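Student: Handing you this structure, nothing more for now.
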Amino acid sequence: MHWFELAYTHTMYYLAQVYRNLGENERAATYCHSTLQRQLQLNQFSPMEWALNAATLSQYYITKGQYMEGRHCLAAATVISGLAGEVPSEAAARESETESERREQLQQKRADIARCWIKYCLNLLQDAKKLLEDNIGELDTDRQDELKRARRQEEEEEEKGRKSALLFGSEDTFDSIASVEEKVMCLLPLGFTEARAVFLVGQNYVTQAKEYFQMDGYVTDHIEILQDHSSLFRALAFFEEDLERRCKMHKRRVDMLEPICNDLNSRYYLLIRRQLMFELAETYNEMMDLKLTLANRQADNHSLDSHTIKKFNHLCSASARYFQMFLDSLCSPEGKQPEHLEEEVLRPALVARFRVARLHSKLISSSPPVQLENLNRALENYKYVVQYCEAHPEAAAAVETELELSTEMVGLLPLKINRLKSRMAANN
Amino acid sequence: MAGASVKVAVRVRPFNSREIGKESKCIIQMSGNTTTILNPKQPKENKSFNFDYSYWSHTTPEDLNYASQMQVYKDIGEEMLLHAFEGYNVCIFAYGQTGAGKSYTMMGRQEKDQQGIIPLLCEDLFTKINDISNDNSMSYSVEVSYMEIYCERVRDLLNPKNKGNLRVREHPLLGPYVEDLSKLAVTSYNDIQDLMDSGNKARTVAATNMNETSSRSHAVFNIIFTQKKHDMETENTSEKVSKISLVDLAGSERADSTGAKGTRLKEGANINKSLTTLGKVISALAELDSAPNKNKKKKKVESFIPYRDSVLTWLLRENLGGNSRTAMVAALSPADINYDETLSTLRYADRAKQIRCNAVINEDPNNRLVRELKDEVARLKDLLYAQGLGDIIETYRGTVPAITGLKLTNAMTGMSPSPSLSVLSSRAGSISNLHDRIFSPASEEAIERLKETEKIIAELNETWEEKLRRTEAIRMEREALLAEMGVAMREDGGTVGVFSPKK
């Protein structure tokens, strides 16, 4: 009888492979799910391996937006990984190589599960944002109300769904799994309170994952976790109505990523540093915009006080500096700019130029020579975009909008520059 | 050579004794960079692949088409060495079925003209170093390490007494490294040769039916090359460190065709008999669906796949992108009895061409920025337009009286817009050549014009209603004034008669 049950489980497993090879991923996933379920029911599993498989399957569900199933897989993974036993102590690990390896394995795999949870929270927040945002990336309150009304229907369906879904576990574990599930929602958060709750769950798993994936030893993994943490903040900021608090969230991102970016060896970690530079540039830009909006709301007329201007300029320059750093990282070891941009960096490089141009034209200064310098730098960078696309026509498709605007600005900025020059000449 | 992608070459060797014994036919054809494989069971069916190089080494050196060890080195090895001198990291790895010729290509044999890429590269390295050693400002150091990766365990081949499994780690400043891996300094090619020999002896060898000297492990030979330049003037020393990784990958074949027995079979065993690959299936599902989407509109969904990269991929991660150069040489057996494996190698090599670094830059959407900029463009265009009109007024001031007196006419008589305005709007079409004039290098003129036309621009910006109201008010004032003086106005503006001034 036991052999028969095992054969049935294997059949599920083979079907999963068949469907995967046929490209029918949904079916394949269902069979993987069934295989896992049967393994638990028959007590035919090694806890850590099972947990990792369930956690990986959750990632499949997440990519499909099926958060209820994803959450269930993760909750089961968390519970079952607990069945693998206690982590051997450091002392025990020093004594025996097997214990040392076991300690390593358990810690690492549990940290891996934490990382899967982080992705769950992150994707949930990001998908909610996609649904709620208007065409310039702000929260659309009408859509929010609409979705809140539709929510009641969803909740009923969730209940139905739970009953029909393939539940993992045995009598012992059903409850534990359910209690882990209760800690985080599986419906898309529609407002700040819900978003914050999801954020906090994600942040908790960040802390857990970082305990194992420390910087010294696991640079790449550690930074990926930090990047996820930064993305969690960014997603939460979308839901935050108070602009001052929103700005503080972005500041947390900067404080987290800036020291890392500067401390990493630029040769070995070139690619990851590029990601960090670009993200820092965008974050400073975001903060700059927020400060300006805040200042304009407070002032009765449109003049800004010197303190605000200083702050604004600091954020503006910081953003430009990081975009420039990104561009410098594309140079050869001798410092020569690339004549041809590789596919992976083509769009980011041209966008960076575009952004540097825009930032320079936004800098505020009361000194005309400084204004002139800023406008000239802006023009220089817009020109680069236009000239590069002329020399490499295939590049234009990657930066359509930016190219269009750069072309306009190359035509129009000289107008502004000339007006400034004429004023300077008049004043002399 | 593209920076971030892999340069791929394939090479086919002569028949070996086993193949000759089985009277094998050659199923590989090469033409230029294209390699074609014929299906021995379906002779009409053939598959072709394009690579950066297709090396025909099936015959002998007497054949004009024969690709020798030296040729392979010149095409691939030399370029890599040059890159290393420039300061880049480089990596060459050899892939293919056991006995297909990987080790021959990478190491070769000690006999004349039979040396592989590694010995030729090392020889070249020291030759270059000795050539430039006359320059006192430059100094070089070369260190090597040699490790074996077997069943995910790392072993130091230059210190085999160290039986332990070495851990691979990453340090923020030192980069990725293997803990406790010996790095030995070498000063000549002979040193390297000796170390390689002893390292090779220490490799795990599995004797299989196919090839007496086959191996089931990956071997990674690293050369760490440091160039120091001392600048006499500034007393500064700058340093360039590059790593040359030379990798001999374990045989790629499945177990069945080797007839291997016992514990060795387990390594290449048909692992579908246990559920241990369930994880691989699930990973494939999750990875497949989060692959980068070419469609810009659909954002990539982020996921984390818990399965660790193999040690090899992890160590070579730095070479798959950024400022590195990577080349792969796939070794092929020419025989029909190895069709499946050879086809599989060709497919793998084909996929390798697509390998790119996977550290993607995720951009925030910039819709708000675009909108802001579009507004600014519109504003600047309005300015240009108005400026353009001002320029027209300047031009025609002397020639068209109607326009000259435009200001005065409106103010005095309140007459309806003269035809001259329609003239103006038709002139607007020629803004583009105005554009050229304004932006001409001799812009002193333009600046002057700018100053003068600012006033006109202000007036033109007045709405027509406002103008009417203003002129109407002025007209009434004037009439009142004239009435005081006793002069009446006809409707057409002419004066008529005199009467007693109203009080």
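Yeah, the Cβs are placed from backbone N, Cα and C, and that goes for glycine too.
Where the annotation comes from TrEMBL, it is an automatic prediction and has not been curated.
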Student: Among B:219-246, B:275-302, B:443-470, find the range that TrEMBL records as coiled coil.
Tutor: B:443-470
Student: Quick one: of B:Gln97, B:Thr98, B:Ser103, which of the binding-site residues has the smallest count of other CB atoms within 10 A?
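Tutor: Selected from the binding-site residues B:Gln97, B:Thr98, B:Ser103 on minimum Cβ neighbours within 10 Å: B:Ser103.
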Student: According to DSSP, which of helix, strand or coil covers B:Ser103 (ATP binding site)?
Tutor: helix
Student: For B:Ala100 (ATP binding site), list the number of other Cβ atoms lying within 10 Å of its Cβ atom.
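Tutor: The answer is 31 other Cβ atoms.
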